[in-house]
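Undergrad: Take a look at what TrEMBL says about it:
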- Gly9, Gly10, Gln11, Arg12, Ser13, Gly14, Lys15, Ser16, Arg51, Glu52, Arg53, Arg54, Asp80: GTP binding site (BINDING)
- His50: active site, GMP-histidine intermediate (ACT_SITE)
Amino acid sequence: MKHVILITGGQRSGKSAYAEQLALRLSPRPVYLTTAHIGDDEFRERVRCHRERRGDCWTNLKEEKYLSQYDLYNKVVVVDCITLWCTNFFYDRLETDRELPDINAALREIKAEFDQLTAQEATFIFVTNEIGSGGVSTNAVQRRFTDMEGG
């Protein structure tokens, strides 16, 4: 049976750990699908700690954009995180630092990929950050991203 579960909260609030606990209650061999682009050593270390915390019972997959390429039939899948996944589409549309990405085009791509992914018969546990409560950025690109995320 297909299920979609959304877990949201602030950064470093325990969302990932909660999603992992839920997945383990639903399956002895869940899948962890990470969407992060690892751009520096600090983030690489954070990912390593997450993976170590999960242990060997997990199948770990990494994909920055095209999540539907994996056959996830009958699996319990934690997708962590939607905010970073959307960021990957958004920044691929950013041609230069001075131009603003086409939000509507990015959203169309995201929706198409999301629909393809969730068409699979699986239980999806999506983790996302709450980004709309932090005030209004002075940076135009950051404001566009927050608008795209619904903040």
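Just so you know, the numbers here start at 1 and follow the chain as drawn.
Glycine too: its Cβ is placed from the backbone N, Cα and C atoms.
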Undergrad: When DSSP states are folded down to helix, strand and coil, where does Arg51 (GTP binding site) land?
TA: helix
Undergrad: If I take the alpha carbons of Lys15 (GTP binding site) and the residue listed as 'active site, GMP-histidine intermediate', what is the distance between them in whole Å?
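TA: Answer for this pair: 12 Å between alpha carbons.
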Undergrad: Compare the C-alpha of the residue listed as 'active site, GMP-histidine intermediate' with the C-alpha of each of the binding-site residues Gly9, Ser13, Asp80, and give the closest one.
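TA: Comparing Cα positions, the candidate nearest the residue listed as 'active site, GMP-histidine intermediate' turns out to be Asp80.
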Undergrad: Using Cβ atoms only, which residues of the same chain lie under 8 Å from Gln11 (GTP binding site) while being at least 6 residues apart in sequence?
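TA: The answer is Asn129.
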Undergrad: Whole number in angstrom, please: the longest C-alpha to C-alpha distance across Gly9, Gly10, Gln11, Arg12, Ser13, Gly14, Lys15, Ser16, Arg51, Glu52, Arg53, Arg54, Asp80 for GTP.
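TA: Value for the max Cα separation, rounded to a whole number: 22 Å.
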